[in-house]
Amino acid sequence: MWRPVSRTVFPERLPEDKELPAIDVFVCTADPNNEPTLQVMNTVISVMALDYPPEKVYVYLSDDGGCSVTLQALREAWGFAKWWLPFCKTYSIKTGCPEAYFSALEDDHDDFQGREFNEERKKILEKYEEFKDSVTRIRENGRVGGKSISINRDHSPVIEVIKHDNTINTVASDHLKLPLLLRVSGIISNSPYILALDCDMYCNGKSSARQAMCFHLDPNISPSLAFVQFPQKFRNISKKDIYDSQWRSAYPMWQGLDGLEGPILSGTGFYIKRKTFYGSSPKKDIDIKKLKQAFGPSNEFVKSVNPKYSPRIINGEECSKVLQQEAQFLASCTYEKHTKWGEEASFLYCLVEDYLTGFTLKCKGWTAVFCNPSRPQFLGSPTTNLNDVLVSNSFFIVVVFIFLSALLKHLQEILLTGGSMQSLWYEQRIWMIRSVTCHLYGTLDAIMQKIGMKEGNFTITNKVDDDEQVQQYQTGKYDFRTSTMFLVPLVTLVILNVFSLVVGISRVIISGSFNEMFVQVFLSFYVVVMSYPVMEGMILRKDKGRIPPSVTLLSAGFTMIFLSLGSIVFV
């Protein structure tokens, strides 16, 4: 089913700033070794720079790894933000992310080129360099044995509220996942809308909040609208895009789902109503015992389920010890026992909680909106390495038709989303690589979980920018610095197809059996051509990102064993 919808927003028609609803922003990180602290801080700062009343934006940074480095760096980010935010407002800077702004990848200050602006920009750049140095020192001091930063996932929650002029701007929290953030924020700010962001998805545009409110405050669609989803896009996408970071099968094609009650929840870049996590709004005469059975024993949080509830801390009261103790209680590991958290309330617990939660909301009658403005509102870092991805019967023509139809359909999607024939080449190639690497091990992992041999887990994607990896990505070269177990199936398959191609061509030349060998030769030829980067990594490349000779030799050994077994069975 397909019903494309094109949407245009008019933020100038929104109510005055004082009438706009408040927004809680949840930024989640888990491992500073894979998610660079400076990158996380840039995301937090970019959120603080949103074009929205500052007294109505409350930023929550959750570190599930419980690392003190994150908390210390956040204090430094708060200090730098006092310089950065006025600069952005004064000179109408388009992006609120200082790292993206100073990278000089785009002209972000068309209207300001005078001496005063240049001097101010230079001063802010100096402040940013000082901030970067401070974060670097914090990370170095946090390293254990000069190697990796120590993290501890089994510890009591730590919550710190950062206020300025009686206004909460940032809440740092250790060991809080989304359901816990929902509870803690309920007694601190209790904003009716929530923006969820991955720690590497910075705000590239400052108007996303106002754009989202154009839908949430529209009386024609608001009653059933659960969330406004922005596409997940990436900066510095190479023209070759060898890792298929544009996700054409999802975000660029979701405009066709927008007319069918909207897309599904995508984990980041969405503005969602808080009350969607609580079910229908509680009635005035509802039994308090039933509320506690669903949401837990906290009296303060049960009060917050009412949309009209205003937390004491927002009303100007200090963050008292009682309130801090209540927040600690809400964030404790035992709070959810014998409640509906993770089952009916909040995000549903699973490895893909966003998708499952989104499907559940759709089943309850909620709708969604896909907002895809010309300027991407959120940008992340693209993948720059592999860690992050025989027919001979009468029905042959049917299989050929399916194969060509799939290619043509893929080509159509690419051309409709602004790609080229070269994009088809790159995306087909990475699909083949994924099929025998991450898809293979993902299938085995799922089977082991299904039969009870292994528990499900979530692996943090490495978001560290390596200069050499980025350079290789921009030049269209794969980085093969990954585990041997990951590479061996891929290299073995390539060697096997090279051998099959040579033998097949030899048989065609010697025996003239072209008709009999055509399909086998074509299949091996197709795989070999698509696998050229792998052969280049085995033979031609000498850089650090090449395939290690040990992997090539091991794969060659497996190929010989496979061919020997084949000769015994089929000869």
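In case you wondered, yes, glycine gets a Cβ from its N, Cα and C as well.
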**Item:** From 43-66, 547-570, the residue range that TrEMBL assigns the feature transmembrane segment
**Value:** 547-570
**Cα-Cα distance linking Asp198 (Mn(2+) binding site) and Glu35 (UDP-alpha-D-glucose binding site), given in Å to the nearest integer** = 10
**Prompt:** Whole-number Å distance between the CA of Asp198 (Mn(2+) binding site) and the CA of Asp354 (active site)?
**Reply:** 12
**Request:** Write down the Cα-Cα distance for Asp64 (active site) and Asp354 (active site), rounded and given in Å.
**Result:** 17
**Asked** So, in DSSP terms, is Asp64 (active site) helix, strand, or coil?
**Response** coil
**Asked** Which number gives the other C-beta atoms within 10 angstroms of the C-beta of Asp198 (Mn(2+) binding site), all protein chains shown included?
**Response** 20
